[in-house]
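Annotated features in TrEMBL:
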TRANSMEM  15-35  transmembrane segment
DOMAIN    16-503  domain 'Major facilitator superfamily (MFS) profile'
TRANSMEM  85-104  transmembrane segment
TRANSMEM  110-131  transmembrane segment
TRANSMEM  174-194  transmembrane segment
TRANSMEM  206-227  transmembrane segment
TRANSMEM  239-257  transmembrane segment
TRANSMEM  269-292  transmembrane segment
TRANSMEM  312-334  transmembrane segment
TRANSMEM  341-362  transmembrane segment
TRANSMEM  382-405  transmembrane segment
TRANSMEM  412-438  transmembrane segment
TRANSMEM  480-500  transmembrane segment
REGION    508-560  region 'Disordered'
COMPBIAS  537-554  compositional bias 'Polar residues'
Amino acid sequence: MRAAESVRSGRNRHIAISAGSLAVLLGALDTYVVVTIMTDIMADVGIAINKIQQVTPIITGYLLGYIAAMPLLGRASDRFGRKMLIQVGLAGFAVGSVITALSGDLTMLVIGRVVQGTASGALLPVTLALAADLWAARNRAAVLGGVGAAQEFGSVLGPLYGIGAVALFHHWQAVFWINVPLAAVAMAMIHFSLPGKEPSDHPEKVDVVGGVLLAIALGLAVVGLYNPEPDGKHVLPEWGLPLLIGALVAAVAFFVWEKVARTRLIEPAGVKFVPFLAALAASLCTGAALMVTLVNVELFGQGVLGKDKYEAAFLLLRFLIALPIGALIGGWIATRVGDRIVSFAGLMIAAGGFWLITQWSIDVLDKTYDLALVQLPVLDTDLAIVGLGLGLVIAPLTSATLRVVPAAQHGIASAFVVVARMIGMLIGMAALSAWGLYRFNQHLAGLAAAANTSEMSLQERLASQATRYREAYVSMYGDIFGITAIVCVVGAVLGLLIAARHFHADELDGPPAGDGAPTRDDGDVSTGQLYLPTQVLPAQSTEGTVQLPRQQQPGRHRSD
């Protein structure tokens, strides 16, 4: 009981969530760090610079482990405790980093990245579930926003982190060696700030079969959707369709198993499925919009604005800086006005930003918004609006999902939120990139047919061709961002279906002992008083647990 109360003390739970956020930051850094050190890795493992498709398994391997294992690991945290799973995740992440750093060929490199991704797949959902355990629902969104900000901050720092580490240590392996002491620090913080899960007379079982079937379905979907060389003619890679069929078969097998199994990956009892699925669908839309921005803004910079890859990547900083800021603000506002309003508003703001981006032209860098007293650069402003809007929804969508799921299933619910967003990112990259290149060819053919180059000199023809290509790129990206705006509007409408502010699946259920025990901010346990909005109830201690009146109905307690 002393351990359980120590985490309620405020200081310890803040240390615990800080350690979890550090773990999330490490995982996010390593998701994006390979982008800027890819050429160094290729040189070391003997792959020619024009064979970059051969190293795509470095990226897909990480994503495969990250997404496929996440639901099972999230559910395992419900069974074995958040502390154990975060510790195991950090240890696995450090081991994967060592394998990656020591690898001398592509095979070992991919193995290391798969181990890293699998371990990292536990860190974000389990930390989100930990936040839900340690903070009451009415204050939870702000904490979830902080965890989300750590994730997005990692996406900002990832590419820069890779460049800086290589510049400082002169070899790419340093990027992964640095992970080892940082993981050790996070493990120590978790060890001393969070109690372990106390033994239970009736421990929950983990649906391993269901988890493996879902992992197979997600893994096949990841590899099937990831197209390293989109040509505008095919949405999927050549191996994509068979793998997606396999993913569908595995998904059907998963749902059949869940119908007949005694122990299920997610128990339907107590779950409000309409708002739960609405929040997941809105997360999927958010992920698609996020990936479209990450990919296409950089390509716009290179293809239209004539920037090199570093200058084009720098354009994204406007978006990436606004994203974690939006995550913090969204969590703070959601604690005051509710998740539904912030989710709807954030996605509508993002949709407005994408609509503004559809108006970009070749000379967008020279354009400004002329306000009364200031002039705002068009490109910077539009990207900041999109980043702020997408950032606003990160915490509310997670909080809304956790509110409609019993506390005993917060781990698996958090995993589903992250998986939905990642699948949305993959769908956005696969479908919209291929469709965009198809539209590019259409625009280019139309411009070529309208051009009269018969009387031009060779130099004039080349200049005309370059202009047509740039104009076709502008039209293509306008189409892509226009579709993305529609995706955001769809997500905003889905956001209106998430649960109302007053609903919480089991806000008043007794907390599980030890690790992951929900800590209520509504009062002071040490004084024996539990503060609720309508009354003050005495806390009657029986063997160290807080007993609440039975007549109070869970799920109808207004706590935010």
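Cβ from N, Cα, C; glycine included.
Keep in mind that TrEMBL annotations are predicted by a computer and have not been checked by a curator.
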Next item on the list: Could you give the residue numbers and ranges of same-chain residues that sit at least 6 residues beyond the transmembrane segment (15-35) on either side and whose C-beta is under 8 angstroms from one of its C-beta atoms?
Entry: 7, 41, 58-59, 62, 66, 86, 89-90, 93, 97, 113, 116, 120, 123-124, 126-127, 130-131, 134, 143, 146-147, 150-155, 157-159, 161-162, 175-176, 179, 182-183, 185-187, 189-190, 192-194, 313
Check: Relative to the transmembrane segment (269-292), which of 85-104, 174-194, 206-227, 312-334, 382-405 accounts for the most Cβ pairs at distances under 8 Å?
Finding: 382-405
Note to self: With a cut-off of 8 Å between Cβ atoms, can you find at least three pairs linking the transmembrane segment (110-131) to the transmembrane segment (312-334)? Only pairs 6 or more residues apart in sequence count.
What the structure shows: no
Notebook entry, point to check: Taking pairs 6 or more apart in sequence, does the count of Cβ pairs under 8 Å between the transmembrane segment (239-257) and the transmembrane segment (312-334) hit 3 or more?
Noted result: no
Next item on the list: Could you pull the average pLDDT for the domain 'Major facilitator superfamily (MFS) profile' (16-503)?
Entry: 82
Next item on the list: With pairs restricted to those 6 or more apart in sequence, evaluate whether the transmembrane segment (312-334) and the transmembrane segment (382-405) have 3+ C-beta pairs under 8 Å.
Entry: yes
Next item on the list: Residue list, the transmembrane segment (174-194) vs rest of chain: Cβ under 8 Å, 6 or more residues beyond ends.
Entry: 7, 12-13, 15-16, 18-20, 22-23, 26, 30, 33, 37, 82-83, 86-87, 90-91, 93-94, 97-98, 100-101, 112, 130, 161-162, 165-166, 168, 515
